[in-house]
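Features of the protein shown, as given by Swiss-Prot:
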type	residues	note
MOD_RES	2	N-acetylserine
DOMAIN	5-107	domain 'PH'
DISULFID	59-76	disulfide bond
BINDING	154, 155, 156, 157, 158, 159, 160, 161, 162, 177	ATP binding site
DISULFID	293-307	disulfide bond
MOD_RES	305	phosphothreonine
DOMAIN	406-479	domain 'AGC-kinase C-terminal'
MOD_RES	447	phosphothreonine
MOD_RES	472	phosphoserine
């Protein structure tokens, strides 16, 4: 299977992710699952930079006649976040050809993965939840919804919600991401959820949120993730207005270390913004993976809908030139600019004007900024992702070598040997002084407990449950 060939190619209309208009793209579907789009028909198959590049492996396909006839949607789970891409073609026959070709490639890749796992000595990976239990608990009881108090809605989106919870037994706080099963079960295609939850379990880095448990109910999949209590970086920055360059260097280095780790695993984080950065009790960074928008934002003037925070969008995302790792370095540039300058590099309440600034405007700096800081931010905020600092083949190493980070020992960063410039005033992991008071005092009801048996699993769950074998997971053996 080393020879990757083209299965199907042709013109399709792709709907913009942020600015919801349709753009013509020439797409190639390949045997390795890559589905790549260009503005022009490529004369040379190995054009270096496709505008759109995603994989149809483990995807779900849906057909719809809205917002245009002959539309099809590709949906897949990236970590615990559901992402969708929308396309349309001129005729039902054309749509049928594309969807059949995509499904055939996805099915073949799935069979190959199953064969690999069956041959592999580590095929017990499916039992990862059981394997990785704390050896001291011989009769481990699976986690259920009844094991947690539900405190506050942290985020909400089309596919589910994220709730701050407290584990009753330990008093520890977690973020529980709850996805509706019906949006991720299409026919029998659920392998992607299982595979992605495995990726999350295997993702271990000191500055990334880790997965503590996962389990399922009748109609939901639940991911229970670390939630640190040193407060959001946004909260600390609002209180102090700006951070010193030294303090920013410390946080920036930890973020670079985490993104380097993700990129080495072929994962683009794509959602770096101040609100997704938290501090642990010692003052180290934690990048969250709660992955839900704070609801769609509608611009009344244009009726175009945005998901998330448009101020952080990279130029290539806005132009719908699908993006690679360099999108994360733009995000790093925006958050480090905010830390050192006390404001966003580009801002306008009117989204159309904001997008124009992001795409066209030169960046301005306060006079107080050092030349190294200006050089770093200028490099990270270059509009063209291929010329951006970190946009080359060396990725994070390019940023690590920049003079702003000279003197930083990157192994010490990873090992948490550097002393944090600020230590949150918390006494333990359950100290809630940086949480909103309104929700530490009360709980919220998510599901009427009587709907579940004592195991937290609905008795009527028989026909839905087999879709998600071995979904339960506990990380207690890995700490």
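Placed from the backbone N, Cα and C atoms, the Cβ positions cover glycine too.
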Secondary structure of residue 59 (disulfide bond) (DSSP, helix/strand/coil): coil
Candidate nearest residue 59 (disulfide bond) in space, where candidates are the binding-site residues 154, 160, 162 and distance is Cα-Cα: 160
Secondary structure of residue 162 (ATP binding site) (DSSP, helix/strand/coil): strand
Count of other CB atoms lying within 10 Å of the CB belonging to residue 154 (ATP binding site): 19
Protein Cβ atoms within 10 Å of residue 156 (ATP binding site), excluding its own: 14
Integer average pLDDT (0 to 100) for the domain 'AGC-kinase C-terminal' (406-479): 64
In three-state DSSP terms, the structure that residue 154 (ATP binding site) belongs to: strand
